[in-house]
Structures are given as structure tokens and as C-alpha cells.
């Protein structure tokens, strides 16, 4: 009997070891080319585009279109995006198609801030998403434009299973127009596992696929969209849609150890991410920095750097209408050195010390990272801003509408026609100066983008963690009022130690930080789509 018991235990242990090995191989599987999107199905859509000979840019566009159906609360063609693209020869460009301020907006709109008052059609910016796709495809695409739309058109018609992620945010639209998209025939809200169909959106995507981007901005789709928006009380006109332009600019860049980090200039919030990383780099972090008592000091320094970073957000503005010299200075090593000297290792300070005024925190967005066999890398973040945007949609087109103008809240009292609002979006590409190593990374989650990206890059670059573990590690978020919010399963000892340093700690029900990244190290490519949003990367 004892003999059989030992054999049984041995077999069980052997089975567990085999399972662990298989899981490890699946999770850490190397690729030749890969897509990291918010969902398995959309990563696979992008992968299939690559298999057909499409470029990383083609795959990114297809994956984003797919995400507008699978995660419609996060992104869609009624919003805008920022692409950071590295071509095969190493040249990096930024393509910004974020939404813009229409010619006419509600008088004293910004007096309705904060975010509790920023739902509704009045907060809609002029969508730039499709114009952005058009420019990126023209510059970097290989497959026909219409091919990129086909998988999403099919998904929208046949339907996709509603995930718990989408269900989680439906309460926010239960009394709004967008609710109709997520009701069954009896008017009841769909549940997890139910099938979502977007047949009007499928029709719209077919028209855009056949007629090009102009269909959305000047064609029949534009007329339908305008009719619905105006009936809902919106102020966007055909002239606003016709006037949409895409910005093609050089990236800003900073050195980070052996890497050069390329990122979009304002109104992207990537400069704030670079500032925190510059501050933390000066502490010479290593794997021991997250062990024993050292980990408390490391997180304390990170939290303090983040508080100073919050004070810099007000500098993030559209450079076409504002002076961003100070925002550029935020990315400099000298500024990080000066701030690091102000961080004290045994205490915290009041808000005035960090020159901080509270800001509204946001939650939305979606990110896709792609690396193809030819070496083209794409890091793109897309958004309709808050969950389900302004919570309204266009019945004739099926397009969910953004509320991007809410990003001006607590940043300015004046806006300009055509101005893009500030954003936490930070699609980045890091390239080694010594090897061919590359990191393609970005995040979604509104203001939690900064948290997700800085902690993931710290963990990966300096603290010896794998790409998977770097992203999966629980985070601490410093909100707009400099209060700390800890993700579930965050290190309890560190949490208590930070409390003792008189940090204000608040509870939040949900964390929105979702990082999707790809790394090429020593010739081997790995990818990770954040499990927080049920993401799974796909490649071959």
C-alpha cells in the first residue's frame, strides 16, 4: 500500500512538473514576429495579417479595428490614436491622429469639470482615428486597405462573446444612449458570455474599406454621423470633419542605460513617463532593489518621483498652440537629477512641496505592440477616452463617440479650434545602442498608463524580471491628489511601510493599467499581453 502511495505521489509530482514546463513554454514562447493586443482574438487577427505578408503597420491597424468590437468600451473609430513607428532602417516617426476641438463648443464647457460631469455629446472631440490609419497605411502598409477591415467586419456581423471586462463597465451607461448596443431583444443588458453584434458598425466599416478614409469624413457615413450627433445635441459640423489633419512628427528621445527611448512629444504624456524613469535610473536599481528592506526604499522613491511627475502634467499641451519648451525640459537628465535631490528617503511632504494641484484621473484606452520579421516595430495607443467615451453612439453608423475634450479638465481654461487635448498615452520603442535588442511597449488605462509603463520598464530593465513578470507585478498608483492606491496582492509589508511615512492611502475598486509589450533580446522575441484585460499575444 505504501509502495503504491509513493508511486502515486511521484506520478502526481511528475505531472505537475510537466504542466509547469508546458505553461512556461507557452508563456515565454519565442516568436519570429508577434502582435500583443488587448485580447487573444485581436492579437490573432494581427498575426494573420503578418502571415499574409502584411507589415507591422498593417497588423496594428487590423488589431485595433478588431479591438473596437471585442473591447468597445476602450477604443473605436469614433476616437483617436498615436502611433510610434520604427521602420526597417531604424528611422522612427510619430503619427498623431488624436481628436481635436471642434469649431464650436458649449460655452464655459470646462466649468462642468470634473469627470462626474464629463459624459454626453458636448465633450466629443472631432475623431481622427480613421485619418490616422490612412496615413500609417500609406506610409508603411503592404496589404490592400480593405483587407485590414475584413476580420472585424466579420466579427461585428457574426458577433463576439461579451467578456467580463466589458460587463464590468456597463453600469456606467445604463441610462445613456450607448446602452442600446448592449441590450437583448427584451431590452435587458447583455451578460458575460452573451453574444455582442454590431451590424451597423459592420456596414460602416464596409463602406470605409471600399471607399477609403474620405467615406468617414466627407461621404455618406459622415452625413449619417453628423445627423445623429446633431440630434443628440452635438456641435461638430461637416467642416470640422473635413478639416481633420494628421500630425507626422519626429519623436522625442532620451537615453536610458544602454537604450535610446523614442516616444511622442506632447500632447502625449510620454514625457512624464521618461521623467520618472530618468529619476529612478539615478538610483542604480538592480534585482536586490526589490528584495528585503531595499524594496521599501525603492517603492518610496518611486512614489515620491511620481508625485513630482504629477506636477509636470500641466505642461503637456498641443505644441501647435502652446509653448512646450518646459515640457521638453522635463525629459532632460539634469532636471531628473535636480528632482532626485529633493526626494528624502525617510519622509513625505505636503502637496506644495511637489507643486501639485489635484487633477482628474481617467480610465480608458487600448494599446497594440507589433514587431514583424523585417524589423518594423509599431507601438500604438488608441482611445475614446472614458469607458464607452461620452456614453453616446450614432445609431445610423454604430460608432461609439468619444469624450476626449474632458482631458482638458484641470489643465487649462481655454481651448483652440483644432487643438488636441493632453493625454497620458505613451506608445514607446526602445532600441539598444550596443545590440539589436528592442522593446516595443505601451499601455492603456488613462492616467494609470504612467504607472503601468514606468513600473514595467523598471522591473524589466533594471530589476532582473522577465517581460511577463515585469508587467504582471502588482502596482502602486499615485493619483491626481497624490494619494496612493494599491493594486490587490501588492506587497503588504511595503504598503504598511509607505503608510507609516504618512502617505495618504485610498481604496479603489478597479485598476485600469494594462501593458502590452514585445522584447527582442539576443535575437529572441518574446511578447506579453496583459492578463488584467484578458490579453494574449499571438505570433509565429
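Quick reminder: no glycine exception, Cβ is built from N, Cα and C everywhere.
Listed by TrEMBL as binding L-glutamate are 98, 383, 384, 385, 423, 424, 446; the candidate from 112, 407, 410 that the record includes in that site is 407. Counted within 10 Å of its Cβ, the other Cβ atoms near residue 365 (active site, nucleophile) come to 28, all protein chains included. Recorded residues residue 446 (L-glutamate binding site) and residue 365 (active site, nucleophile) have their alpha carbons 6 Å apart, per Cα-Cα distance. Long-range neighbours of residue 384 (L-glutamate binding site) (same chain, six or more residues apart, CB within less than 8 Å of its CB): 74, 75, 76, 78, 79, 364, 400, 401, 402, 403, 404. Neighbours of residue 383 (L-glutamate binding site), defined as other CB atoms within 10 A of its CB across all chains, total 30. For residue 98 (L-glutamate binding site) paired with residue 365 (active site, nucleophile), the C-alpha to C-alpha distance reads 12 Å.
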